[in-house]
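Visitor: So Swiss-Prot has the following annotated:
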type	residues	note
MOTIF	6-10	motif 'Nuclear localization signal 1'
MOTIF	91-95	motif 'Nuclear localization signal 2'
MOTIF	141-145	motif 'Nuclear localization signal 3'
DOMAIN	141-305	domain 'JmjC'
MOTIF	167-170	motif 'Nuclear localization signal 4'
BINDING	T184, K204	substrate binding site
BINDING	H187, D189, H273	Fe cation binding site
BINDING	N197, T285	2-oxoglutarate binding site
MOTIF	373-378	motif 'Nuclear localization signal 5'
COMPBIAS	394-403	compositional bias 'Basic and acidic residues'
Amino acid sequence: MNHKSKKRIKEAKRSARPELKDSQDWCRHNYCEVFSLNPSTVLDNVERVDAAQLTTEEFIERYEKPYKPVVIINATAGWPANEKWTLERLKRKYRNQKFKCGEDNDGYSVKMKMKYYIDYMEGTRDDSPLYIFDSSYGEHPKRKKILEDYEVPKYFRDDLFQFTGEKRRPPYRWFVMGPPRSGTGIHIDPLGTSAWNSLVHGHKRWCLFPTNTPRELIKVTRDEGGNQQDEAITWFNVVYPRTQLPSWPPEFKPLEILQKPGETVFVPGGWWHVVLNFDTAIAVTQNFASCSNFPVVWHKTVRGRPKLSRKWYRILKQERPELAALADTVDLQESTGIASDSSSDSSSSSSSSSSESCSEDDSSSGAEMMSRRKKKRRLCNGMGNGDITTQDDCASKERSSSR
């Protein structure tokens, strides 16, 4: 690794994780040596279905409507990404393009050129390495070529947030890439949206918990996690062993997945989930609002993003009047029954948010969270325009990429 590469990597690490003062802090737990990344340790107890044999209607009835996680095989067949997304080809094609690999303490993106990031990936011994989790590639003149390498699987093409306009809609798609031990800390995706994650290369370990799982049961405390409180590897080291004890409540036993190349994980709205990369992993993931989850997403958007909801409603009235009519029937005073994770209101660059409470509505999001943090947060992708929880949506999927 040349001097310039080392310098750029050091700068990115210092910006993304200022609480880690030196190289010793980054490797303090020696997870590179002592943490097992053996696939045989994963129970892998989630149902798998074949995209070639499952219609969209069957998927909606069997999985989406009942909020049931599932792993889909063959949904990525024919993707150019299967051949194009190798380290060698990505380094060649996007060599000097910058990708987000974290956030600083003011909420600004920390970015690294692909050539430097791959140098970092290939040599890191960090406990929880920096992780590319980039949501802006689709708007960039060169990086948007990534969009040509995959297509949204047939089950997830209902994209109702498109009716808010591209400039206003919350971030919803991410190109993700990271080395072993990188990952995404435990969280619930924002605004009641569901998600899909298609893995092109590598292996990912998932744990998922139902929406009614008590937050205090599955969150790492500051005393337990210290500076690595919000990291996926910390969660698997601290919390996961408890889930296997006889004393763990049986109704909150995790679903476990060892996601393999070519597999797509469906995460219904409200499900807690944590993801750890077992090896070099390259994937694409998107959040979505569909006709099935629209009542919940609408409820949470009105409560958490009121200005966005008004714009959304006006366009739905014109383009999808049946959904505007459905929105009129949603009782905003009743709980949705689908939890919200207030720690997803902030990236893990704001560790103070990790002790906030989880609730079944969005009544405490927004102004309260922002005033408690008292941080200057950049509006993500030019969105916001008066919505106080704009940053909440930007950071949910990016929590451990920035910490």
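Using the three backbone atoms N, Cα and C, a Cβ is placed for every residue, glycine included.
Locate each feature and note its surroundings.
Guide: Taken residue by residue, the motif 'Nuclear localization signal 1' (6-10) breaks down under DSSP into 5 helix, 0 strand, 0 coil.
Residue counts of the motif 'Nuclear localization signal 2' (91-95) by helix, strand and coil are 3 helix, 0 strand, 2 coil (DSSP-based).
On the 0 to 100 pLDDT scale, the motif 'Nuclear localization signal 3' (141-145) averages 95 in this prediction.
The Cβ neighbour count for T184 (substrate binding site), using a 10 Å radius over every protein chain in view, is 30.
Using a 10 Å radius centred on the Cβ of D189 (Fe cation binding site) and all shown protein chains, the other Cβ atoms total 24.
When secondary structure is read from DSSP and collapsed to three states, T285 (2-oxoglutarate binding site) falls in the strand class.
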Visitor: Using Cα coordinates, what distance in whole Å links T184 (substrate binding site) and N197 (2-oxoglutarate binding site)?
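Guide: Rounded to the nearest whole number, the Cα-Cα distance is 12 Å.
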Visitor: Count the other Cβ atoms sitting within 10 Å of the Cβ of K204 (substrate binding site), across every protein chain shown.
Guide: 26
Visitor: May I ask for the distance between H187 (Fe cation binding site) and T285 (2-oxoglutarate binding site), taken between their Cα atoms and rounded to an integer number of Å?
Guide: 15
